[in-house]
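Novice: In case it helps, TrEMBL gives these features for our protein:
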BINDING   Thr13, Ala14, Gly15, Arg168, Ser198, Gln293  UDP-N-acetyl-alpha-D-glucosamine binding site
DOMAIN    6-145  domain 'Glycosyltransferase family 28 N-terminal'
DOMAIN    191-342  domain 'Glycosyl transferase family 28 C-terminal'
Amino acid sequence: MKTPKVVLTGGGTAGHVSLNQALIPFFMDRGYELHYIGSHDGIERELITDSFPEVTYHPISSGKLRRYFSVKNFSDPFKVLSGAMQSLFLLRKLKPEVIFSKGGFVSVPVVMAGKLANIPVVIHESDVTPGLANKLALPFAQHIFTVFEETLEHLPAGKSTCTGAVIRPGLFKGNPRNGLKVGGFDGTKKVILIMGGSQGSVTINDAVRKLLPTLLTEYDVFHLCGKGKLDSSLEGVKGYKQLEYVTTELSDLLSASDIIISRAGSNSIFEFLALKKPMLLIPLSAQQSRGDQILNAKLFKKLGFAEVLMEEELTEQSLEESIAIVQNHSSEFIASMQKAKQPKTPDEMVSLILDYKQL
Ligand SMILES: CC(=O)N[C@H]1[C@@H](OP(=O)(O)OP(=O)(O)OC[C@H]2O[C@@H](n3ccc(=O)[nH]c3=O)[C@H](O)[C@@H]2O)O[C@H](CO)[C@@H](O)[C@@H]1O
């Protein structure tokens with residue numbers, strides 16, 4: 001009997017890869033051979049090939065979907081077309097039972113090719129409003145799963161279901177003592193973890209670093225500042241540990257942390273919710289995005305899980321005040337989070353995806 005196959009796609013930022021990372025071991029447990037179609041130089045390549053040598057990574061040509069003018073807007077449609085041809089060739093050869101797409105611009109040609117090759121495509125949207133890539137992909141897909149109930153208002157009724165968030169099981173296995181050791185912290189102060197999404201945020205980094213002398217009187221600080229965004233002048237400052245990006249250590253750092261300051265990317269905030277971490281969310285502004293993080297953050301505030309500080313209002317003083325609000329209300333935030341719906345397990349999500357497989 002031939003080994004059944006599944007093709008996964010999604011990339012551009014880690015937010016479009018993390019669900020796939022969670023699902024891979026569970027597809028493998030069920031005996032599936034896995035193939036990942038991603039871009040040549042996106043973060044998905046490193047995240048998948050470094051951690052999952054059993055998954056075959058197929059790089060394709062891909063364009064970027066920009067909301068602003070660039071000369072590349074003229075050449076990129078050809079790259080997407082070329083990516084679709086490469087995907088079609090691969091899909092006809094691999095003959096997977098189903099394609100699962102986590103979105104991001106690289107997924108568009110794969111999804112289009114899936115339709116042409118007559119292979120069922122299931123897509124996933126983690127934000128309140130569907131992203132541009134998923135909007136383009138939707139006509140070619142069999143079904144779309146969402147994290148937020150509110151997203152269903154923007155999608156065709158017969159083709160969409162809210163499944164809620166799915167969390168990597170490894171994140172629940174953190175050891176706080178190992179986390180403190182990474183920072184060189186002795187555990188006497190409360191710990192704040194700062195994460196500016198998967199790429200780090202210069203705006204948040206600057207504000208945090210300005211407030212650092214004040215912050216360090218009360219807290220120890222883990223700062224996940226993003227690739228290329230370390231500040232060498234702060235190396236060795238006691239109580240401050242800056243790291244560009246962490247992989248397996250993230251669970252330890254989170255378990256050692258009392259408060260999180262973060263962008264409001266969907267995957268991140270549901271991880272903090274699952275771990276019951278009081279959070280201060282600073283969403284990416286509407287000038288720099290379609291405003292999805294603002295909606296995510298406002299909803300989390302309404303549900304009593306988070307305090308929100310808008311980027312336009314971010315100053316040293318407002319940051320200090322907002323951290324104090326989270327600190328003073330942390331037990332209420334935790335109580336609300338304890339009442340929230342539990343995330344789906346990756347194995348349950350795998351079952352939902354396989355319901356669409358081609359027999
Ligand atoms: C700038 C941009 O386009 N942001 C979007 C992107 O965010 P982004 O890529 O930042 O995605 P998320 O915040 O959703 O997820 C980041 C993921 O990276 C992980 N992580 C982060 C830092 C680190 O050091 N180690 C690590 O493992 C987090 O645990 C999380 O699983 O996708 C999200 C989900 O569609 C959207 O809501 C965001 O608006």
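Every residue, even glycine, has its Cβ placed from backbone N, Cα and C.
Curation plays no part in TrEMBL annotations; they are all automatic predictions.
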Novice: Which site among Ala14, Gly15, Arg168, Ser198, Gln293 has the most other CB atoms no more than 10 Å from its CB, taking these as binding-site residues?
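Specialist: When each Cβ's neighbours within 10 Å are tallied, Gln293 leads.
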Novice: Which ones in the same chain are close to Thr13 (UDP-N-acetyl-alpha-D-glucosamine binding site), with CB under 8 Å and 6+ residues apart in sequence?
Specialist: Ile43, Gly104, Gly197, Ser198, Gln199, Gly265
Novice: In the predicted model, what is the mean pLDDT computed over the domain 'Glycosyl transferase family 28 C-terminal' (191-342)?
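Specialist: PLDDT averaged over the stretch: 96.
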Novice: Can you go through the binding-site residues Ala14, Gly15, Arg168, Ser198, Gln293 and pick out those with a C-beta less than 6 angstroms from ligand 1?
Specialist: Ala14, Gly15, Ser198, Gln293
Novice: What does DSSP give as the helix, strand and coil breakdown of the domain 'Glycosyltransferase family 28 N-terminal' (6-145)?
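Specialist: For that range the per-state counts are 66 helix, 28 strand, 46 coil.
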Novice: For Ser198 (UDP-N-acetyl-alpha-D-glucosamine binding site), which DSSP three-state class applies?
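Specialist: DSSP call for Ser198 (UDP-N-acetyl-alpha-D-glucosamine binding site): coil, neither helix nor strand.
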Novice: Just how spread out is the UDP-N-acetyl-alpha-D-glucosamine site if you go by the largest Cα to Cα distance in Å among Thr13, Ala14, Gly15, Arg168, Ser198, Gln293?
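Specialist: The span, Cα to Cα at its widest, is 21 Å.
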